[in-house]
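In TrEMBL this protein carries:
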{"type": "TRANSMEM", "residues": "A:79-96", "note": "transmembrane segment"}
{"type": "TRANSMEM", "residues": "A:108-124", "note": "transmembrane segment"}
{"type": "DOMAIN", "residues": "A:125-427", "note": "domain 'NADH:quinone oxidoreductase/Mrp antiporter transmembrane'"}
{"type": "TRANSMEM", "residues": "A:130-149", "note": "transmembrane segment"}
{"type": "TRANSMEM", "residues": "A:161-183", "note": "transmembrane segment"}
{"type": "TRANSMEM", "residues": "A:203-219", "note": "transmembrane segment"}
{"type": "TRANSMEM", "residues": "A:239-260", "note": "transmembrane segment"}
{"type": "TRANSMEM", "residues": "A:272-293", "note": "transmembrane segment"}
{"type": "TRANSMEM", "residues": "A:300-321", "note": "transmembrane segment"}
{"type": "TRANSMEM", "residues": "A:341-359", "note": "transmembrane segment"}
{"type": "TRANSMEM", "residues": "A:371-394", "note": "transmembrane segment"}
{"type": "TRANSMEM", "residues": "A:414-436", "note": "transmembrane segment"}
{"type": "TRANSMEM", "residues": "A:464-484", "note": "transmembrane segment"}
């Protein structure tokens, strides 16, 4: 089941490339959208068949490179299932949003389908090398998306993105090899490594291994100070590329913390958790402050991603501290962090798609170039307003559910860090209100891309179809989050147990 | 399970969510639909206040969503629902065909729903959800006419100021959970241990002061006057601003348990009542005066919460809601008619429209605390609590009550003044239908008075489930009534001469104590500067370091290419050249001449023979 889920997009991508060159573009569009819809259907089926609290399910274990202790081992649990679902939702949204993309559509669709395989594959991987392969392939695919379909300075931004995250992945590989060597018998299997806890009584070895893994994941997440690849990559990427980059690819980093670093190196994680908390707080505040100083709408959203990822680090770092806190608080912090991954994916995905719509009409992301957009584009204004309030953590949207859990759970163990991080939601409120005020309200000011101002057109059907469902999901999660939390909470408890060893 | 309570909050929230983004097509249907929903909500609110339902649904791990209506909530839900209905009836009757009415009515319902969640929540997370959505709805309502930048800026100020204070509730929730697991029930907060107890108290207190526009947060309410008058009539009289006072009344045990919270609350309220009373006296804009007086009147409720005078606080809350909504709606009607809300320009407005003038008089006299209107009696009931605690507190409260009389009479003095001859007359009058809700509010101002006296007061205390309340003596009623009458008379005779204050104090009061300026200087500007500095650091240091290391790598590659490569290549070439040279030299003996080979052989054998001989 999972193998089909993971590899169907790539199979369809190959099919797309093999179709005769004269195939009408409508057919290609239909194939892409249909594949994305089928994938979503598959993931819903997986969710329906998933037994809440039943540990890893849909497991497949096959020999791959047995000599090196590498196997094809996949499965889902409460940690990965929400992210699988998020991936499928976002890819469908991007497929719908990109229906009118007319530059080399066939290659664009094929690349996105391949990218979907790498993302899904990473989240189901239960083997470090498999994880690593998908991790790197996602970087490769995203490189081509940015370089091939980006804006003016896309080549340089794509190269920076590729080299930086690739370098990070090398650090990650070193860490993986460290775990492999420590295990007896040598293996890359995540389940075995978690069970063995191979570096439990060798703190001197555990520290560099943890350092390498955390470094690799921190570049991908990204956290301060490894985030400088993010703004140019987002600013130059096409809208759908940005949505996937922020919505799914960034989660690979935070997911790695929860899947690999915490359960496999619990001792070292507990010892160095304070470092992660500090990095988290710095990311929250620095990300929000820099975002506040931006005049470029998309760059601003990119920096809020740094801010939002910081909350996750705060949550998973604070959860490591057992003293002076209850199990409920720690579980809330971890559940909140996972919820934040899903929530940020939906909300920031929507914001980036809306930024794409903005660019299509005015050919610039500069907020000063727009004004009074709400007059001619009410749907755009309503969706942007809703997405902005969702992103600033308003109750009723998923962001509040995530951030409230993180703050409430983290305050006991880390009062100072949490008190500082809470300021982040005030800063994001300030910057989003300012952006809404500049772009949407005030006297209407038609965008003027080519010397001939034209009224700002409202969202077209395919753009609407891409964004609205994401926000509807964010609202559903904000009001009735139980269906998601029921899946995540057992996984949080499992991580806490592994961490307490 | 109680479907009635779910529909009480669900109905306005759902209708509002559907109506607000519905667009201009829904403009015609929106007013009747919204008033119908709001009437239904009032019915549900009354039913809930009588039957005290409670509901629960799972939300977060160990933190369920819990709503319940008890005595205090019962008064609040009915007040909120009633004022909302009155304001919506007024808005529906008022001319405004050119406006986006679906958005207006939808947002008002959304606001009502979130306020109802706030006052029925029994756990901190539930309360926070209603609390913050209310703030967002108020943002959208203040910025309702979004084409005018100063209105959206005011909306931003209001939202950001209240949210800054809301952070207190986030911290309070975390601290309460750190103190002990549980559903974070509001009535259990007092059981926390130190140091969490103080943190919870501080968080709740700051959030409440922010929402209720108490010192030092009051300035946002001044800015919020940029919003439409019906919005002020609901949000800034009966709903949003009283949420803070409600929360403090609700968490009375917490304030007591902390040891310092109750006294701090009482003095914060008293200080606001006095200082913002002075601000109100100094205003010459109708709505600004009303806004400052709202802060001051809510200061009395906060004072009541701090002194444990729940009954007095609730009486003040309902009586003030009626009077202030009425006055805001009157201000809105005159704004429509005369195109101004400046008091000097409204001179004689009441003479032109005597019905509105009479209604305005009822509202203003009630606000002035004149007997026999409701705010007079309510204030004495709540000040009885202050008198038991500290005479100073009582004196401050009484002084603030005198100020209420002064600023309220100031309104009347202007609107009943002799009109100056002016070009043009009143513009559009509001239609008769719009006067009905105003009349109802005015009737409430009178009808609420008996509630402050036994036996109704005792019944209210029992309904609220409050502990034994401090009982006001008859002389307190007489004293406050006399003082109010004297102050009113003095203010009337003084006329429109400026208040007897030192010029500097008067200027400060006119500018709302310079609070907004201070917030800008102390908080906003440094934050923006920090943001710019962080951005510069990001671009000039972090990013440059990354680029420099990339360039360094390329440089290293070039250097390697130039030096190491050359050295290695040179070495290889050197070896090759040596080999070639050696080869060349080795070739030299191979001359192809037999006799030379013979000679070489002879020489070689001789050497070998010599070596052998020597070695042996």
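First residue shown is number 1, and so on along the chain.
Any Cβ shown, glycine's included, is placed from N, Cα and C.
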Non-local residues, at least 6 beyond the ends, that sit with Cβ under 8 Å of the transmembrane segment (A:161-183):
69, 128-129, 132, 135-136, 139-140, 142-143, 146, 192-193, 196, 198-199, 202, 205, 208-213, 215-220, 226, 228-229, 232-233, 256, 264-265
Tertiary contacts of the transmembrane segment (A:414-436), as residues 6+ beyond its ends and Cβ separation under 8 Å:
277-278, 280-281, 284-285, 287-289, 291-292, 294, 297, 300, 304, 307, 310-311, 314, 317-318, 321, 367, 384-385, 388-389, 391-393, 403, 407
Range from A:300-321, A:341-359, A:371-394 with most C-beta pairs under 8 A to the transmembrane segment (A:79-96):
A:341-359
Can you tell me which parts of the same chain pack against the transmembrane segment (A:130-149), counting only residues 6+ beyond its ends and a CB-CB cutoff under 8 A?
64, 70-74, 101, 103-104, 107-108, 111-112, 114-115, 118-119, 121-122, 155, 157-159, 161-162, 165-166, 169, 172-173, 176, 190, 220, 233, 236-238, 240-241, 244-245, 249, 252, 256, 260
Does the transmembrane segment (A:272-293) reach the transmembrane segment (A:203-219) with at least 3 CB pairs under 8 A, where each pair is 6 or more residues apart?
yes
Considering only Cβ pairs under 8 Å, which range in A:108-124, A:300-321, A:464-484 makes the most contacts with the transmembrane segment (A:341-359)?
A:464-484
Same-chain residue ranges lying at least 6 outside the transmembrane segment (A:108-124) that approach it to Cβ under 8 Å:
2, 5-7, 9-10, 12-14, 16-17, 28-29, 31-32, 35-36, 39, 74-76, 80, 83-84, 87-88, 91, 94-95, 98, 101, 130-131, 133-135, 137-138, 141-142, 144-145, 148-149, 240, 244, 248-249, 252, 255
